[in-house]
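J.: Provided herewith is a single structure, encoded as structure tokens, for subsequent inquiry.
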């Protein structure tokens, strides 16, 4: 039946069909977590962009949680730790339980576990991070980081509600090479939330970041106020594979505006000086913020002092010699491994992602919906990602070769 086609044409068909096939497409699934983020990335410039996410400013309603996240939660063995109650900024547990004991291990009581990132190894390594972005002052901070060639040396723990209301600022950080991580959706005391609410706070922030960053799934999160215990740790790790990042020193830059009677730019800088210009050699993982002009001013004043005193600045992942994202190695242009909507593996070419955000109307070969009826697809890794399911590639190659062989025989 192929006799009317020329040998050259059939040979070309074989080459074309075989060309997209790469061994990397046949690798095992990178992580079960990648299956939890299946929606095609909406266009942040589209008028309906916000409709793809829960409302900013409050914990997402449980009804918005994709069923896949809840199913994963059901498989996680959680410790017997009660939900805490907020009490003047300090979570308390029922029956006067001690939040510092090993079973609860609340960082509010300065308890941390081996898996937490607390203080980086190595001498004079400053693990640079900023919480609470993006804000109005974030673009100026990102400009300063770029001017000093340290954009990729900073981790930004971002708030989900801020991400979706200021996506262009996030894209600036991505394009500059900043390392993005999770700071929850609405900045609550996490130990006071139910298991499902914890999932919503983390998962939706991860989704928003992944959508903007080419499908790169965050690997790190920092609890607001440092409020984390073993129950919350277990959910973050068990459901989403997240690593909990704490701090070994609080700069109190946040308090300049919150507690002006106790803290000022000068007093915070004076404390900062003791850390970066003194005799300390142990690595630093500081609590810093991109909240307002005061917090940015403190950093811009102290950074040159630290460098002059021999400190090397690295983002959190690099400071601990770990990869940047759950499904990608180092940088915002490394290869991304994700799951397609059909549950098959695709590998994207390295690309800067700020110019390749997928359309909100992108189509897919199958449909998966969350509990709120929202269509979910894989987080788009790049517009250059192949749209053919990997399961079809070997068979297409065999078919093409068969056609060529048939032509020869004819």
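Glycine is treated like the rest: Cβ placed from N, Cα and C.
Pasting the relevant annotations from Swiss-Prot:
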type	residues	note
CARBOHYD	61	N-linked glycosylation site
CARBOHYD	80	N-linked glycosylation site
DOMAIN	124-314	domain 'NodB homology'
ACT_SITE	131	active site, proton acceptor
BINDING	131, 225	acetate binding site
BINDING	132, 183, 187	Co(2+) binding site
CARBOHYD	149	N-linked glycosylation site
CARBOHYD	279	N-linked glycosylation site
ACT_SITE	289	active site, proton donor
CARBOHYD	293	N-linked glycosylation site
LIPID	385	GPI-anchor amidated serine
J.: Quick check: with 132, 183, 187 left out, which same-chain residues have Cβ atoms within 8 Å of the centroid of the Co(2+) site Cβ atoms?
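T.: Surrounding the site, in chain order, are 131, 133, 157, 158, 159, 162, 184, 224.
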J.: How long is the line from the C-alpha of residue 279 (N-linked glycosylation site) to the C-alpha of residue 289 (active site, proton donor), rounded to the nearest angstrom?
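T.: Roughly 25 Å, rounded to the nearest whole number.
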J.: Within 10 Å of residue 289 (active site, proton donor) by C-alpha distance: pick out those among the recorded positions 80, 131, 132, 149, 187, 225, and say none if nothing qualifies.
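T.: If one measures from the Cα of residue 289 (active site, proton donor), the recorded positions that come within 10 Å are 131, 132.
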J.: Write down the Cα-Cα distance for residue 131 (active site, proton acceptor) and residue 80 (N-linked glycosylation site), rounded and given in Å.
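T.: About 30 Å separates the two Cα atoms.
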J.: If you count Cβ atoms within 10 Å of each one, which of the recorded positions 183, 187, 289 comes out on top?
T.: 183
J.: Would you list, in sequence order, the recorded positions among 149, 187, 293 whose CA lies within 10 Å of the CA of residue 225 (acetate binding site)?
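T.: Passing the 10 Å Cα cut: 187.
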J.: Is residue 293 (N-linked glycosylation site) helix, strand or coil when read with DSSP?
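T.: Once the DSSP labels are grouped into three classes, residue 293 (N-linked glycosylation site) ends up as helix.
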J.: What is the separation, in Å, between the Cα atoms of residue 131 (active site, proton acceptor) and residue 61 (N-linked glycosylation site)?
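T.: Cα-Cα distance, residue 131 (active site, proton acceptor) to residue 61 (N-linked glycosylation site): 24 Å.
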J.: If you count Cβ atoms within 10 Å of the Cβ of residue 131 (active site, proton acceptor), leaving out that atom itself, what do you get?
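T.: Result for residue 131 (active site, proton acceptor): 23 neighbouring Cβ atoms inside 10 Å.
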J.: Can you tell me which of the binding-site residues 132, 183, 187 is spatially closest to residue 149 (N-linked glycosylation site)? Compare CA atoms only.
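T.: Result: the closest of the binding-site residues to residue 149 (N-linked glycosylation site) is 132.
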J.: What is the nearest of the recorded positions 132, 183, 187, 293 to residue 61 (N-linked glycosylation site), using the Cα of each?
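T.: Closest by Cα: 187.
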J.: Sequence gap of 6 or more, Cβ distance under 8 Å: name the residues on the same chain that satisfy this around residue 293 (N-linked glycosylation site), in order along the sequence.
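T.: Once residues fewer than 6 apart are set aside, residue 293 (N-linked glycosylation site) is near 137.
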